[in-house]
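Trainee: Sharing a structure, written as structure tokens. Questions coming.
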Amino acid sequence: MSTLQIGLVLPDVLGTYGDDGNALVLRQRARMRGFDANIVRIHLGDPIPTSLDVYCLGGGEDTAQILAAEHINTDGGLHKAAAAGRPILAICAGLQVLGESFRADNRMVTGAGLIDATTGSLKKRFIGELQSTPHPNDGGITAGLTEPLTGFGNHFGSSILGSDAKPLGIVTHGVGNSDTEQPTYEGAVQGSIICTYMHGPVLARNPQLADLLLAWALDMPMSELQPLDLPVVDKLRRERLQR
Ligand code: GLN
């Protein structure tokens, strides 16, 4: 196959929380299996290419994420990629920006409308470890996830999902999408888009999620990806899940 193209969308405004690492993890896990892979960094003001193999969006501060939403909506490239079924991973502010609307800087802002979610505010900012078990999401892109998900949360947004979006996980520790609703859901999945509040970066902590995205980007079943023996990743995961 030709070189795998991994889009890192707006790292200049959605790059506060180390989530650029998700693109690095995808590139490394591809290269370790013998695939050529490149990261395409798309900055504020750049057109968003429509035909990359996978897209990553990170978290960001309130003012910065407003700029991100405006650019994504004006440009339209990410909408075309989503309509074509390209896999997209969005973290925290990325989740909020891809939703219908979100609260930031004390006002409601129009999101990209790619995820059926509306983001208001938590009762209290959540900062800490976050864990979930994958939601079954029958027939959805994340249906193959079996391993617990782990990440680090730091958010004030509270995202309520509409019927078109399914949760990524059910919270077992920490605060996910909301601190009032029961059960407490974490993240959102809709079509080819996977969103989560988990930083870490999430793909470093959750190799199964990384491989799910990678397999989709490479257009092959996850079961055909050569297994990787990475004791350091297993150790990190064990440590984080033990707490
Ligand atoms: N600014 C948003 C919030 O506080 C997103 C933060 C983030 O991306 N970590 O909810």
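Each residue's number is its place along the chain shown, starting with 1.
Using N, Cα and C of the backbone, Cβ positions are placed for all residues, glycine too.
Feature table excerpt (TrEMBL):
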type	residues	note
DOMAIN	6-206	domain 'CobB/CobQ-like glutamine amidotransferase'
ACT_SITE	Cys92	active site, nucleophile
BINDING	Arg125	substrate binding site
ACT_SITE	His199	active site
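So that I understand the layout, could you describe where these features sit and how close they are to other parts?
Mentor: Cys92 (active site, nucleophile) counts 29 other C-beta atoms within 10 Å of its own C-beta, drawing on all protein chains shown.
Around the Cβ of Arg125 (substrate binding site), a 10 Å sphere holds 13 further Cβ atoms from the protein chains shown.
Reduced to three states, the DSSP call for His199 (active site) is strand.
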Trainee: Could you state the CA-to-CA distance between Arg125 (substrate binding site) and His199 (active site) to the nearest Å?
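Mentor: That separation, Cα to Cα, works out to 15 Å.
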Trainee: What average pLDDT does the predicted model assign to the domain 'CobB/CobQ-like glutamine amidotransferase' (6-206)?
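Mentor: Mean per-residue confidence for the domain 'CobB/CobQ-like glutamine amidotransferase' (6-206): 97 out of 100.
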